[in-house]
Amino acid sequence: MQIIFTCKSIYLFNLLEALLKLENVGQSSSSTLIYGVIANLVIQIFMQENFIHQFYRSFSMHMMWGLMNTLQLISCIFKFNLLVPPNVYMFFKSIEEFLSMKAQFVNNIVEWVNEKVFKLNTELSDGAKGNPIQNMGTYLIAAFAIVFAMIVFGLVACFGSRYMIGKKLLDSLRNKLFYNSLLRLGIQSYLKNAILAISGWQLMSYDTNEEFKKSVIIIIMSIVVFLYPIAICFFLLMNEKSLNIQSMRASYESTYANLRIFKASLLSPTIFMFRRLLLAIALALLENYTFFQLLYVQLASSAQIIYVFKVRPYEVPFLNTIEIVNEINLSICSFLAIFFTDYEPYEGSMHLAGLREQVGWVIISICSFNILATIFKILSDVFLKIKGIVNQKMQKVKIEQSQKETDAKSCEPIIDITQLNQSQHGPTLKAKQKLDGPTIVEDLTSLSQYNLGLQENDFYYRTDDKAKIAFTNSTYKPKLSPYLEIAKELQRIPQFLSPLQKYEIPSEFKQSNLPPIFSNQSCFLPDAIKNLSSGNDADQRLREILEDIQREEAGNKRPKKSNLSKRKGNAK
């Protein structure tokens, strides 16, 4: 007997040690999930303006919401009239913070409000904590947060709308705080509120004034719980065609995040909430009928799997797969919960106690696998986003540095070259032009020997245009000095002067930016050349004048008999 007692003591000691380790692991996992979600949210705030859009649509967040919802349903199963083993009870007790999305400091604030404001005892049983009156601390904190947000919103609307930053902050608060956040809060806390409202039906009484107030609170909560899914369904179906608009997504996307836009898919949020309403009714009203409670969970899970498989409500196939996997895990856990019923094959049997403990470890393994996969996904997303922010900042610094270096290099050489051209190369180029090219006097003398007439739409025309064909193979290209120097030299030569030079340019051409149109009566060659200085292509036109002069000179030197013989031959 002493040996048996020792074995039992060792077994109980090992079991207690395992339970303590399990509690620590569960609390660590819960805190990691909560703060991982907060870090993911904060990073997306600083990464992009429309961060809520990406926050609700990201895969890691969808996995987190799906994990939370599945674990909430599994934890509700073990609130049935079952003989829950201590390992399962300890595990779900340790992740209670994650299931309610409350960190430890929030729990401390809620307990302080319950104790100091409402004079309630903080050490309450699980049943008492489910009472809506006992949760007034949570409701008061939520109301205080909403009132504070409304005050901030009003101040920004009054004083910050004049500035661009204030307008952006106002739109952000309007869309993300008063629409998306409240809608998501109502959906995620729907199961808890439904359980509080349905369980409060048994506490309704109108005997005293205090009980009457409690009953009024329960009735208001019940009305909100029943009408909320219907309102969401009506809103989505009525605005089906406008749900893809950016403004609608910015304000209401938390109700249909990652869903395909058609009627069967938009029913998913309503199905989600009605399923939890029925579970709350089964938990409160079918307390003595455990078999029907478990049967309902099995049927609801099977119906959800069929709905997701047939409708494919989510845009990405991966999300549909996650939903099906979560429902399969829920179905397995609800099936294994049959071993936790009070059925005994015969009295005094200790065999089922050990079996329940082993089944409990199986359930814990299934839930732990889902938790670890979600933690890995959330932390990997946080790491990738931090890496993206660092790379973006480094790239920006490199671009700014290279831009500064490019600006410095592009400014210095231009100044040096300009100074060198002005100080050294300018006189040298002028001297080379005077030495290499034909002189101004020779060019102008040759120009004066030919009869050139000016048209209205051109600077000149040739009297014998056929000489152009004869001079196509000429390789002589005279080198000219700048046109301003030519204009100065032309003014000094007396043989080019004419009475027509005294006439002024017509008034309609004085304010024109283009060179004026010359006529045969009002202009002559020196004036035409002088007016070339106001054109952008003056050098090219001067070159054309001299080339045409050379062509006419070459054409005049040819014998006329050969031309006459060719004409007679062509006539024959």
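Yeah, the Cβs are placed from backbone N, Cα and C, and that goes for glycine too.
Summarising the annotation, TrEMBL assigns compositional bias 'Basic residues' to 557-572. The feature region 'Disordered' is assigned by TrEMBL to 549-572. What TrEMBL records for 64-84, 139-161, 182-204, 216-238, 259-285, 291-309, 321-340, 360-384 is transmembrane segment.
Counted over residue pairs separated by six or more positions, the transmembrane segment (64-84) shares at least 3 Cβ pairs under 8 angstroms with the transmembrane segment (291-309), which defines the two as touching. The transmembrane segment (182-204) makes no contact with the transmembrane segment (360-384): fewer than 3 of their CB pairs lie within 8 A, with pairs spaced 6 or more apart in sequence. With respect to Cβ pairs under 8 Å, the transmembrane segment (360-384) is most closely packed against 321-340, considering the stretches 216-238, 259-285, 321-340. Residues 62-63, 66-67, 69-70, 73-74, 77-78, 80, 82-85, 294, 297-298, 301-302, 304-305, 308-309, 314, 352, 355-356, 359, 362-363, 366-367, 370 of the same chain, all 6+ positions outside the transmembrane segment (321-340), place their C-beta atoms under 8 angstroms from a C-beta of that stretch.
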